[in-house]
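**Q** What follows is a structure written as structure tokens; I'll ask about it next.
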Amino acid sequence: MSSRSLPYSVQDVHYDNAKFRHRSPFKVITQALVTSRIRYSCGGCSIGKFLMLLMIVGLTYLVMHRSPDHSASNVLSNGAGNGEHKYVKEGVSRIHRIWRKPPRLPPQLPPDEERNFRSSPEEQRLYWVSRQQKVKEAFIHAWSGYRDYAMGYDELMPLSQRGTDGLGGLGATIIDSLDTAIIMGADEIVIEAVSWIENKLMERIEKKGQVNLFETTIRVLGGLLSAYHLSGGDNVTTGDIGIPMTLKGVKSDILLEIAKNLGDRLLSAFTSSPTAIPFSDVVLHDRSAHPAPDGLSSTSEVSTLQLEFNYLSKVSGDPKYGSEAMKVLEHFRTLPKVEGLVPIYISPHSGQFHGENIRLGSRGDSYYEYLIKVWIQQKNSGSQLNYLYEMYEEAMRGVRHLLVRKSIPKGLVFVGELPYGSKGAFSPKMDHLVCFLPGTLALGATKGITRKKAEERNLLTLEDLENLKLAEDLAKTCFEMYAVTSTGLAPEIAYFHVEGDSGGGLDGGNKSSEYIDDILIKHNDRHNLLRPETVESLFVLHRITEDPKYREWGWQIFEAFEKYTKIDSGGYTSLDDITVIPPRKRDKMETFFLGETLKYLYLLFGDEHVVPLDKFVFNTEAHPLPISWSKDSA
């Protein structure tokens, strides 16, 4: 920031000029002498007192009997330069410095704060609309690279200008991007994506082999269901979603038909397992399923299917999808936990947790996310799912007690890990994936309405307020994980400096960062995959707190993506090392860059009535699904 000389306070804007009123010269001089810390050794004797009195009289005479013709201003205006006038001028200057402090200047605001303070609401809205348009342009650029070089593949390799299948070969980028295009009003992209889905996807589903249950559910099934709703399915209206329903030729019923076909095949992961815990992999063409090679399932993966299967049951009228998925959470309810926290692996054969590793990063993260989101999705259906909210609250208390620490020397709040359980050593490691948590905490506190409204309705408990405070502290940390690096982009994993650890030579490269000594980045963790978790939390926190700083942080992150990951021929690329300039490129554009990262940035800069958080819940791949029966409960 360019102007840090004066701290900004709203009260400072209304400063009082009366504070600078004139005081008599005699009063000024005597007060200056009385308050001065200078003590003369002769002040204790009679001669000293006499000399002091003589000095006071002389100075008073000099101030009060200056000739107007010999004032400093007249000396300068007349061009006089003799020694006497110079002496008078310097003497008067010294006295001015004694009797008067420099006036306090009006506050100097950074440009963005200046704009927010002085511009009208409409000017601010138009300013952010212009930035929102930049995000839409980035989305179109990313899509153009994918369409030109990888259409039909799961992901684009933008440097090689070709496609790659790493998610089962179902054209994941197309489906992940579709609802983003609908929300942005990118109608040409919508038509291109829907045309491919209608003509190609069903054939792919019927012929393809093994896919991961979790990835296919959150990206493909979730994407189809969200696009079905946003394109007019389920009797949706413009008032429900806040975007114009101008799409022509999009047959939402076909999207639902494909979703049902895919859902039927994915159900085999549940029905093939001997317990409520589904197998991790599904063979689509023969509707079979099997466990991972080590026989285990990830805790987050098996507990991050319920939003999608619940909504499929609602719109299809068939309860089997939601029923199978909800058995998982009902089973989790019965398992032993550590202050609400759970290990990251579970066995589908025994139905029990495996190991003691507790973390909110990979394989653990979205378990906690879906506890609160599934409850929000289904909260209008009765009290039988209140156990989910209770599990969520207990888990967040466990997070605050066991996992939250502060770094040194500057005290960033972060969430660490317990690799060997609650009785083992604490690890100050935090995945970028953990940056989903600030948004989830804020959502859990207000249930999607603004903090102001929640306070007006007396809806916030003391625990809600604690979670909101933690959410804001963690969002600050997640942003600083970007700001501490040379590129302004975050690493995949960060470690935090705590007592007893030394992190020499492992900083992010931005020596001007206040937190350069707090955040440590190991060499193997310096890659950036265009992940969305931080901007997701900035979006949710801005909606809930209405604090403009979250938009400013999001814009800085977007600018860094534009500067270092954009490929001229089309698309954006992951990076190998975000601590050096220029950063090395990885030749991969993940589907979630279009489906999540750019969507959340677009919504962050836009109107709060577009996909409102009190009417929609976002799945873990940023596909918005409606809160069930919200119309009836409104």
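Glycine residues also receive a Cβ, built from the backbone N, Cα and C atoms like all the rest.
Here TrEMBL flags 47-64 as transmembrane segment. Sequence annotations record features per position, and here TrEMBL assigns active site, proton donor to GLU215, GLU492. Feature annotation from TrEMBL assigns active site to ASP365, GLU533. Positions annotated as disulfide bond by TrEMBL: CYS435-CYS478. Residues or ranges marked as Ca(2+) binding site by TrEMBL: THR620.
Tell me what's around each of these sites.
**A** A sphere of 10 angstroms centred on the C-beta of GLU215 (active site, proton donor) encloses 19 other C-beta atoms.
Counting only residues at least six positions away in the same chain, the Cβ atoms of SER300, ASP431, LEU433, VAL434, PHE436, LEU437 sit under 8 Å from the Cβ of ASP365 (active site).
Cβ contacts within 10 Å of CYS478 (disulfide bond), excluding its own Cβ and spanning all protein chains shown: 29.
On its own chain, GLU492 (active site, proton donor) has ASP431, HIS432, ASP525, ARG526, HIS527, ASN528, LEU529, ARG531 as residues at least 6 apart in sequence with a Cβ closer than 8 Å to its own Cβ.
Less than 8 angstroms from the CB of THR620 (Ca(2+) binding site) sit ILE218, THR304, SER366, GLU369, TYR370, PHE436, each of them six or more residues away in the same chain.
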**Q** Tell me, how many other CB atoms lie within 10 A of the CB of GLU533 (active site), whichever protein chain they belong to?
**A** 24
**Q** When you measure from the Cβ of CYS435 (disulfide bond), which residues in the chain that are at least 6 apart have a Cβ under 8 Å away?
**A** LEU474, ALA475, CYS478, MET481, GLU533, THR534, GLU536, SER537
